[in-house]
Amino acid sequence: MMSPSSSFWNTASREAMKSGMFVAKVYCFLHVTTNYLGFMAYAYGPSMIPTLHPSGNMLLAERISKRYQKPSRGDIVVIRSPENPNKTPIKRVVGVEGDCISFVIDPVKSDESQTIVVPKGHVFVQGDYTHNSRDSRNFGPVPYGLIQGRVLWRVWPFQDFGPLGPTPT
Amino acid sequence: MGIQNILWQVAKKAFTGSIIGLTISDRCCSVVPVRGDSMSPTFNPQRNSHLDDYVLVDKFCLKDYKFARGDVVVFSSPTNFGDRYIKRIVGMPGEWISSSRDVIRVPEGHCWVEGDNKTSSLDSRTFGPIPLGLIQGRVTRVLWPPQRISKIGR
């Protein structure tokens, strides 16, 4: 005959296992969604003025298109920085593989410009506010493998809720 | 009606199982085959053997991208992002590497990778230093064939 206290621990441990399994399933579901479908990104900083506000934007980025197609010119992408893999800056794709890109190296200092050809398997990314942006003009073209996702939509601030796409010409 | 219910239950279990398996494979560790002999004799020591080595790739290191010289890593190719290579890190950021003609400094955030079998390896001597962000895991053990189960050291 089991004493009442041991059956209490039996039920308690069973309940704990069930909640533990539930938490594990939620964690796994969130992991798969944010790594294979899409994720939210908080973007701040001056490098993408006027497209993104320097004081903060909440963006929705998707991870689906990078598996099936190459990035195209005008896409805003989240990349893993080639200078520090723990940082994920957000820049715009200005050139894809094979493009010949001419850019002003440092618009703050001088008008000196440089021309490069984007190598195979790489993209040239640049912030919209070239006066204050570290991008491919500093760290060179970025391999496709560093692209984390493509920014689709701005969720916050609410007055700018809407899609984010290629710059209108 | 019973068959439909059973199929639905099986489908639910399969879906949950695959989600959990995918998360473990991405966050914890996964098993990958080693193709080619660019890492001989560490992996695939016999050239024409029909059996590929299978290795355990640890994913916990991707949390902070903390690697060290001597780690064997799996990374996405900088020229063909669908391909994955397994090579050894021989240079960390800030170190100097002597390649064929000159001496190169490994830039911040990058690493210099080379295969153990220098005569038949496509590595940093060809495509230059790779950004650490391309690394997808670190090889810790050989799992197959059983006579070669071992821990991969530095």
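Placement of Cβ uses the backbone N, Cα and C atoms for every residue, glycine included.
Quantities reported herein were computed from a predicted structural model and do not represent experimental measurements.
Record features, source TrEMBL:
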type: ACT_SITE; residues: B:Ser38; note: active site
type: ACT_SITE; residues: B:Lys87; note: active site
type: DOMAIN; residues: B:8-105; note: domain 'Peptidase S26'
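Between B:Ser38 (active site) and B:Lys87 (active site), the C-alpha separation comes to 8 Å. Look at B:Ser38 (active site): DSSP puts it in coil. Mean model confidence of the domain 'Peptidase S26' (B:8-105) amounts to 89 (pLDDT, 0 to 100 scale). The Cβ of B:Lys87 (active site) has 24 neighbouring Cβ atoms from other residues within 10 Å, across all protein chains displayed. For B:Ser38 (active site), the count of additional Cβ atoms within 10 Å of its Cβ stands at 23 [all protein chains shown].
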